[in-house]
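Student: Dropping a structure here in structure tokens format, bear with me for questions.
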Amino acid sequence: MASTSAGQNSAAKPDTTNTTTTASNNNRERERDLKQFTERFVKTVQFPVSERLTVDQVYDRRTGKPRHEVLRDHFIKEGRIEEEAAIRVIQECSSLFRNEKTMLEIEAPVTVCGDIHGQFYDLMKLFEVGGSPATTKYLFLGDYVDRGYFSIECVLYLWALKICYPTTLFLLRGNHECRHLTEYFTFKQECKIKYSERVYDVCMESFDALPLAALMNQQFLCVHGGLSPEIHTLEDIRRIDRFKEPPAFGPMCDLLWSDPLEDFGNERNSEQFSHNSVRGCSYFYSYAACCDFLQHNNLLSIIRAHEAQDAGYRMYRKSQATGFPSLITIFSAPNYLDVYNNKAAILKYENNVMNIRQFNCSPHPYWLPNFMDVFTWSLPFVGEKVTEMLVHILNICSDDELMAECDDTFEGGVGSARKEVIRHKIRAIGKMARAFSVLRHESESVLQLKGLNAGGKLPQGALSEGRTGLNAAYRIEQSVAAESGCDSGHLIQSFEEARRLDKINERMPPTMATPPAQSPSQSPIPSRQTTPQPPQNGPSNS
């Protein structure tokens with residue numbers, strides 16, 4: 001009995017060898033499939049960090065200050081931090097701004113930097129060229145946000161540096177540090193996508209506290225834009241109430257928005273200030289206005305940002321009284337918007353010696369236009385195929401079959417009405433298919449048209465009219481842009497052409513009240529003037 005039972009148990013025992021082999025093969029197939037769908041196609045590009053840094057990871061418990069090196073490395077990997085940590089950094093830095101004067105007073109040595117515009121990876125190159133913030137005094141002239149796709153990283157990193165080095169790193173306000181421009185351009189959308197609207201609101205409150213100007217070494221007035229007909233002395237700047245959204249006119253607006261005349265130093269008339277027709281607000285100021293202000297306030301020069309420069313900087317005509325350039329423009333965003341192909345520059349001033357250091361752009365991760373995700377981007381492709389299938393399905397039923405079916409089913413006028421409803425639906429789906437097809441084949445034209453049209457939206461009816469409608473709308477928008485100084489061609493071949501095409505985006509956006517326009521001063525675009533003091537160091541290749 002015992003042997004019989006053992007034999008039966010032996011016969012009933014399953015064969016585990018084949019089962020184990022099958023499971024192992026299945027696991028290998030799953031791993032292969034998983035690797036196929038998760039492995040990076042471009043292996044040199046790292047996958048963005050998904051984990052957000054906590055407050056404890058961002059802040060050093062011993063010092064109570066942000067670990068800016070940790071933030072830098074995390075942001076380089078496209079990482080983000082928890083909202084609580086982001087808000088704490090911004091609010092702590094805002095308290096420092098509020099305790100600073102409207103016009104800072106900074107002693108040399110100092111390194112002056114121009115526009116950053118959300119180009120975080122180029123900001124890393126800037127610190128590599130200019131020196132560590134731990135050992136180098138920095139003054140930034142504003143425009144940290146908009147246009148580029150890493151604006152919030154620039155803000156959080158610079159604000160963290162300010163907390164760590166409050167007496168050696170200084171930040172001024174630019175014209176883009178306001179609600180009006182950040183809503184119109186990209187910063188608000190970026191904050192909502194990467195963090196939340198609350199983070200955006202905290203940033204706006206912080207921007208309201210930024211100083212407006214700096215007196216460097218008692219010799220140089222540093223400001224984002226330039227002069228104002230309402231500002232005659234440095235005391236006029238000190239008296240400005242800066243804790244607010246910048247107005248559309250007045251001295252605060254002028255400090256952020258004004259520009260030198262295009263024929264600065266070679267003016268055809270003696271007018272010191274004229275309406276800024278390029279910006280749509282504020283003023284152009286002349287060489288005479290600049291020299292008068294410098295002489296009246298016993299200054300050597302004005303250092304400002306606000307305008308892209310092919311070489312990253314520009315030194316204007318020398319003052320007859322001092323023999324020093326009366327005006328210097330610094331721009332620190334290389335290959336601006338990924339199309340200008342310009343160099344960036346920073347200005348180092350030490351021991352009464354001014355040194356310009358140039359640098360080129362650095363590689364950065366790619367974002368689809370307007371922070372679009374891949375699903376939104378691919379919607380026209382998917383939509384085209386889905387609507388094609390629907391149209392084919394509906395077209396299976398011919399008009400004769402439709403009439404015969406409706407005659408049998410409905411009595412009187414009900415059948416005719418039903419047929420008309422079905423025909424309307426077929427035509428509507430066909431129209432939708434046409435729109436998706438246009439989007440599919442003309443995606444580049446749509447992007448160009450969105451870029452030209454105010455607010456980044458398509459003109460009404462452009463898609464429904466098909467390719468002809470898109471081309472017609474594009475020609476109309478191009479002609480409108482040309483009236484604002486844009487080149488009619490859309491293949492950008494030079495820095496000057498890029499600047500002309502982008503001129504429409506340099507204006508103050510609509511829906512903001514501006515004072516009555518004065519007679520604009522029309523001047524030709526000047527050729528590059530010979531700089532009285534060439535840079536001592538050439539560009540460093542990235």
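Keep in mind that glycine also has a Cβ here, set from the backbone N, Cα and C atoms.
The active site, proton donor annotation in Swiss-Prot covers HIS176. Positions annotated as compositional bias 'Polar residues' by Swiss-Prot: 1-11. Annotated compositional bias 'Low complexity' per Swiss-Prot: 16-26, 514-531, in sequence order. Look at Swiss-Prot and you will find 532-542 tagged as compositional bias 'Pro residues'. Summarising the annotation, Swiss-Prot assigns region 'Disordered' to 1-33, 502-542. Annotation source Swiss-Prot lists region 'Catalytic' at 81-365, citing a curator's inference. According to Swiss-Prot, the region 'Interaction with PxIxIF motif in substrate' annotation covers 352-361. Residues annotated as region 'Calcineurin B binding' in Swiss-Prot, with similarity to another entry given as evidence: 366-394. Annotation source Swiss-Prot lists region 'Calmodulin-binding' at 418-432, citing similarity to another entry. Positions annotated as region 'Autoinhibitory segment' by Swiss-Prot: 433-440. The region 'Autoinhibitory domain' feature in Swiss-Prot is assigned to 490-512. Marked as motif 'SAPNY motif' by Swiss-Prot on the basis of similarity to another entry: 332-336. Taken from Swiss-Prot, the feature site 'Interaction with PxVP motif in substrate' applies to TRP377.
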Student: Restricting to the region 'Interaction with PxIxIF motif in substrate' (352-361), report the mean pLDDT as a whole number.
Tutor: 97
Student: In sequence order, which same-chain residues at least six apart have a C-beta under 8 angstroms from TRP377 (site 'Interaction with PxVP motif in substrate')?
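Tutor: The answer is LEU368.
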Student: Any idea what DSSP makes of TRP377 (site 'Interaction with PxVP motif in substrate'), helix, strand or coil?
Tutor: helix
Student: List, in sequence order, the same-chain residues at least six positions removed whose CB sits under 8 Å from that of HIS176 (active site, proton donor)?
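Tutor: Once residues fewer than 6 apart are set aside, HIS176 (active site, proton donor) is near HIS117, GLY142, ASP143, TYR144, VAL145, ASP146, THR182, PHE185, PHE187.
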Student: How does the region 'Interaction with PxIxIF motif in substrate' (352-361) divide up by DSSP, counting helix, then strand, then coil residues?
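Tutor: With helix first, then strand, then coil, the region 'Interaction with PxIxIF motif in substrate' (352-361) has 0 helix, 7 strand, 3 coil.
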